[in-house]
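Below: one structure, written as C-alpha cells.
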Amino acid sequence: MDTNIGSLDSCKPTSNDVCCPANVTVSTIQGSVSPTIIKSSEATLGRHLARRLVQIGISDVFSVPGDFNLTLLDHLIAEPGLNLIGCCNELNAGYAADGYARSRGVGACVVTFTVGGLSVLNAIAGAYSENLPLICIVGGPNSNDYGTNRILHHTIGLPDFSQELRCFQTVTCYQAVVNNLEDAHEMIDTAISTALKESKPVYISISCNLPAIPHPTFAREPVPFSLSPKLSNKIGLEAAVEAAAEFLNKAVKPVLVGGPKLRVAKACEAFVELADASGYAVAVMPSGKGLVPEHHPHFIGTYWGAVSTAFCAEIVESADAYLFAGPIYNDYSSVGYSLLLKKEKAIIVQPDRVVIGNGPAFGCVLMKDFLRELAKRLKHNNTAYENYHRIFVPEGQPLKAAPKDPLRVNVLFQHIQKMLSSDSAVIAETGDSWFNCQKLKLPAGCGYEFQMQYGSIGWSVGATLGYAQAVPEKRVIACIGDGSFQVTAQDVSTMLRCGQKTVIFLINNGGYTIEVEIHDGPYNVIKNWNYTALVDAIHNGEGKCWTAKVFCEEELIEAIETATGAKKDCLCFIEVIVHKDDTSKELLEWGSRVSAANSRPPNPQ
C-alpha cells in the first residue's frame, strides 16, 4: 500500500494550531493515470526537475546565478508554477530555503559549483541539524570534463572535482552527481524522494551542458510521487504501549513534554490527542516551541531547566513520571547539562523508538502510532496541572518608566506580545531573542521558528525571507540582534523585491550579547551601524519600505501603531536602541551555566 505525498502529515505546522497541514499542493495518483506526452523542447532534464519541484509543493526556489547553473535557471524560470527568487549570496539562499521548508514542508535552493556550493554549505548543515527536507541543487562542470585531468575555474586548482561532493556528504542524506542523461531521471527522483522520506537535505549536482537536452526519459509529465509509508511493528507497538501505560498509570503526578522531533515524526496532532486524553500537564522544550499549541488548557510553558518559564520547571522536575516526545538533550537545551531529571522516571519517545525508564526499549515503533495508542490506555490524571495551577502567580509587569526614559528590552517584548495574532508568525534570531521570544504566549494560529540546535547567527534574515514567501497571508515578526544582522543584512533587499510585509525589530545593543554572557572580551564589541539608514539605502525608492529608530517606549508605541496601521502593507524596519547590558534574566543564568560547562577542565588521564 502506497501513500501519496499529498496525504502525508505535515512536517511542521504553519501555525500554533494543532499541527495544521503544511501548505503543500501535491498531485495525487488517481485510479488510472493517462500518459501526457510533452513536446521535445520541454522534454529536458531542466524542465523535469522544475516539474518535480512544483509537484512536491515548491513554488519558490532561492538562487544565486553562476556560469555553471545559468542554463538550468533558464529551464526553472520556464516552468509556470515556479518562481525563481535571486538572493544576494548563497548563505542567505540556503537560509531562505530553510525558512521556506519550515512552513511548506520542503524547500529548494540553486547555486553554482564549489564557490556557490561551499558558500551554501553552512545553511545546509543547519537544515540537516533541524531535520528539514531541502533540495540543494548545484550547477556542475560540463559532463565532458569529468575524468579528463583538467583544472577548472571555481575549484581549488586540482583536477579532482569531488571536493564539493565530499563536503556535502556529511550534511546531506543523499548525493546525486548527474553527469549523463541516461540515469538522470532516476537520480533526481531518488534524491527528492530521499529528502522527503528522511526529512533531511539532499545534494543534486547537474552538469551545466545537460539541462537543455531533450531525452526520452523526460518525454511525458512525471507521474506523481508515491512514497511507501513507514509502519510500526504491531507486536512491538503493543508491547511498548502496554509497558508505558503501566508505567504512567501508577504515577501520582505525571507530565508530558514535547520536543523538536515532533516535527520530523509528524506527531504534533498525536501528541495533542494524548494530552487531551490524559489530562497531564503539558510543557514544551525550547526548541519545540511552536509545535505544541500554547492555547491548550493544560499547557504550563517552556521547560528549559533553570531558565524555564515561571513555575514550569518546578512541576516537570518534581513529577514522578514524565514522557518526553522527541527530545534533543544538548548543552544548550540542558542549560550546561544541568537539568534535574532522572532517567528512571522518564519515557523517551523518539520518531521510531521508545525507551521506558532504565528498562525496556522498543524499536520500529513510530511516535505518532505510539502516542495515539497510548492515549487510549491512560487513566485521566490532572494532578500535575492542578499543582501548577495552585502555585501559579501571574507574571509581574515591567517597572513603569518615566517619560522619555531609555527603552528596556522587557518593555519591548511586552509590546511585541500585543502584536501577535493568528495572522502572524515569529522568527527569533540566535541570541537574547531566544529567551525573550520563548516568553511570548503564542495565540492559536501564530507561527514560531528559531534554530536552536545549530544556532548560526544571521540565520533569521534568510529564514524570514523564505518563511514569509511561503505564507504570504501571515505577517512575519522577526526579532534580530545587531550582531546577527550584520552577518546577513543584504537580503532585506530581496524581501523588498518580493513585496514582503515583514516587521523586523533590530535590537541594537552594540555587540554579541549572548557571547558576552558566556565569555566576555573585546571581540564581542562590533562597529555600530546606522541600521535604519542602511535599510533606507537598500530600499532606494524601489518597493514598499518604512523605517524608524526608537529610543523610548513612547516612540516604540508610535512606531508599532504606524507599522500595523498606515504602513501595514510595507516592510517595516524598527531599530530599537537599548543598553548593552540590558538582557533577559534567563540569558544571564543560561550564559553562566553554559560557560561553566565549556570551561570544565580535562579529565585526568
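From the backbone N, Cα and C atoms, a Cβ is placed for every residue, glycine too.
Marked as domain 'Thiamine pyrophosphate enzyme N-terminal TPP-binding' by TrEMBL: 44-149.
Taken from TrEMBL, the feature domain 'Thiamine pyrophosphate enzyme central' applies to 241-359. When the domain 'Thiamine pyrophosphate enzyme central' (241-359) is classified with DSSP, helix, strand and coil residues number 39 helix, 27 strand, 53 coil.
The domain 'Thiamine pyrophosphate enzyme TPP-binding' feature in TrEMBL is assigned to 452-576.
Listed in sequence order, G481, D482, V578, H579, K580, D582 are the same-chain residues at least 6 apart in sequence whose CB falls under 8 Å from the CB of N509 (Mg(2+) binding site). For D482, N509, G511, the entry in TrEMBL reads Mg(2+) binding site.
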Packing count at D482 (Mg(2+) binding site) (other Cβ atoms within 10 Å of its Cβ): 25
Residue counts (helix, strand, coil, in that order) that DSSP gives for the domain 'Thiamine pyrophosphate enzyme N-terminal TPP-binding' (44-149): 50 helix, 22 strand, 34 coil
Model confidence over the domain 'Thiamine pyrophosphate enzyme N-terminal TPP-binding' (44-149), averaged pLDDT: 96
Residues of the domain 'Thiamine pyrophosphate enzyme TPP-binding' (452-576) by DSSP state, where helix covers H, G and I: 58 helix, 28 strand, 39 coil
